[in-house]
Amino acid sequence: MVRPLGTFRLLVGFLMVLPALVLLAVAARTGSQSRDRRVALVTVLGGTRFDRILVSAGESALAVSTGVAVSSILLPILATTDVRLPYVDYVISASDVRGSIWLLVAMWIAAGAASILTIVVLDLLGLARRGGTRPTGKRRAPTALAALCPVMLLVAVRGPDLFTPDNPARLLVNYAGVAGTLITLPAVVGMAAKVVGNGTARIARALRTSGLLVAGRWMSAQPNVIARVTSGIVAAVVILIQVQVWYGFLGASARAAEAVHRVVGDSIQVSKLGADASSGQIAAYHRSIENVALPLVIVSEEVARSTRIVGSCATLNHVGLPCSGNAVPLNTDHADERLRVILDLAAPARSAVTSMAGSTANVALNADSHAIELLVSPSGHPIDRAAIVRAAYRTLPGGADVSPIGGDWLIGASVNADQGRWIVLLGAFAVAVLTLACGVSGLAEYLRWSRVLAPVSVLAGNRAVFISSAAWSVFMPILLAAACAFPIGMWLALPVAQKGSGFSVTLIQAGFGCIVSLGFVLYAWAISASRHVSRNWLPSGD
């Protein structure tokens, strides 16, 4: 049940590399207006494409080199000290890092080169898009697209109820609803931002609050920026919750086996008989272990949705069942608790369960449907597995495999628990990076807007307007996105969560904390950068 290394690499790529690439693309164009003007000037003066590439690469080289140099401080730390990662309790071995030191150095250099290349390519693409003289029209609010968002929400959550649990269309409808919600959500957020911005501006005028007035006007004038920031964070959280819930759903059987083992322990074992065993040999095997374990056979029929429990009178009485030659409906109130939890795992859903006294050897040999042979400890203590295996090899041609309830699923449960912790750690990283990418994008637009405010703050002698306007324009959209993202993500994942999975409270808390913390960082960054713009403002002829 150990998952291949490729599965973990895919998880790292999806939750670390992909968000980092998104952040790189956003950061490459953040604050690029001044660089674009200089590149355009070089073009007007007769510069070639190669000249424009040199300008973009030269201006970005210092910032990229600084980032590579600062981040490379981690290398000597990792090469000299064993570092234990939080929550997953994984130790990064210093000896392993030293063994791959040159590969890591090459990756650091390659990351810097890839960053410069991305900046150059995006700069050239940005200039090409703005190179024409044809005027562009103002886009109207996509009302029809916004109206589809609540419909997509209902399709994602209630659409699967129209199909049976075994119908593949159930999952396809949920996928379609989730994808439709993420596609139509920016239109809703953009329209809401415009309405809220106008209302905020009216309230600010009545209250004579300059910062709130500026924020309201900015939201009304730049609804697409708010939509990108908010929708990007919501999309990141929704996808992360989908990954976590689906991962939990795929490990539901392992968790069920682990829950059964906590109740049963090793006092009941599963016996898997070898091939070519006759009824007489199986009976001899059962007689040879009667002092160690009592055999009990559970026969389940999927089509008839019925389950039979067959055993000797001593075995049936030991687990709280009546001894009768006829099938007796199971009374769960008097049955052994261990047997009840085993039936929850082994019996088909909504099946009729009966018990009867009979030969376990004949049932185990002749059952046409799925049969499980259980070995029950007469004393309630853990079964001596070695003694049973020795007896099986003496009496059965192929021996017998004796294992706890759930068998390999118990190993899978441990693996799922470990990898579930990795999902929480990497998921928190992914949410933090994507939040930073969305926040930096919105911050760049706010700083461009704040240049218009610089003359006002200088002439008024009061830069406090930047504190309140940044709070409403930068921090509040991120905070509202965090408050809405997790309920929306949990609601969209509800059809899958109802099938045996659940939501990770730790993941939700870690993700929410990362988003809010980064919101504070971006808020402080916006205030500092706005004040810097105000201090450096000089009157000009325009």
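Glycine is treated like the rest: Cβ placed from N, Cα and C.
TrEMBL lists 6-28 (among others) with the feature transmembrane segment.
Taken from TrEMBL, the feature transmembrane segment applies to 61-79 (among others).
The transmembrane segment annotation in TrEMBL covers 99-122 (among others).
Look at TrEMBL and you will find 143-160 (among others) tagged as transmembrane segment.
According to TrEMBL, the feature transmembrane segment maps to 172-193 (among others).
Per TrEMBL, transmembrane segment is recorded for 225-247 (among others).
Look at TrEMBL and you will find 422-444 (among others) tagged as transmembrane segment.
The transmembrane segment annotation in TrEMBL covers 465-494 (among others). Tertiary neighbourhood of the transmembrane segment (465-494): same-chain residues 153, 156-157, 174, 177-178, 181, 193, 200, 209-212, 214-216, 218-219, 226, 229-230, 233-234, 236-238, 240-242, 245, 435, 438-439, 442-443, 446, 449-450, 453, 456-457, 503, 508, 511-512, 515-516, 518-520, 522-523, 526-527, 530-531, 534, selected by CB-CB distance under 8 Å and a gap of 6+ residues from either end.
Cβ atoms under 8 Å from those of the transmembrane segment (506-526) belong to residues 87, 233, 237, 240-241, 244, 423-424, 427-428, 431-432, 435-436, 439-440, 442-443, 446-447, 450, 466, 470-471, 473-475, 478-479, 481-482, 485-486, 490 of the same chain, restricted to positions at least 6 beyond its ends. Residues annotated as transmembrane segment in TrEMBL: 506-526 (among others).
Beyond the transmembrane segment (99-122), the same-chain residues lying 6 or more positions past its ends with a Cβ under 8 Å from any Cβ of the stretch are 24-25, 28-29, 32, 53, 56-57, 60-61, 64-65, 67-68, 71-72, 75, 79.
Within the chain carrying the transmembrane segment (61-79), a Cβ under 8 angstroms from the stretch's Cβ atoms is held by residues 92, 94, 97-98, 101, 104-105, 108-109, 111-112, 115-116, 119, all 6 or more beyond its ends. Long-range Cβ contacts of the transmembrane segment (225-247) within its own chain (Cβ-Cβ under 8 Å, at least 6 residues beyond either end) map to 14-15, 19, 178, 181-182, 185-187, 189-190, 193, 219, 416, 419-420, 423-424, 427, 430-431, 434-435, 437-439, 441-442, 445-446, 477-478, 480-482, 484-486, 488-490, 492-493, 496-497, 501-504, 507-508, 511, 515. Cβ atoms under 8 Å from those of the transmembrane segment (143-160) belong to residues 170-171, 173-174, 176-178, 180-181, 183-185, 187-188, 190-191, 488, 491-492, 494-495 of the same chain, restricted to positions at least 6 beyond its ends.
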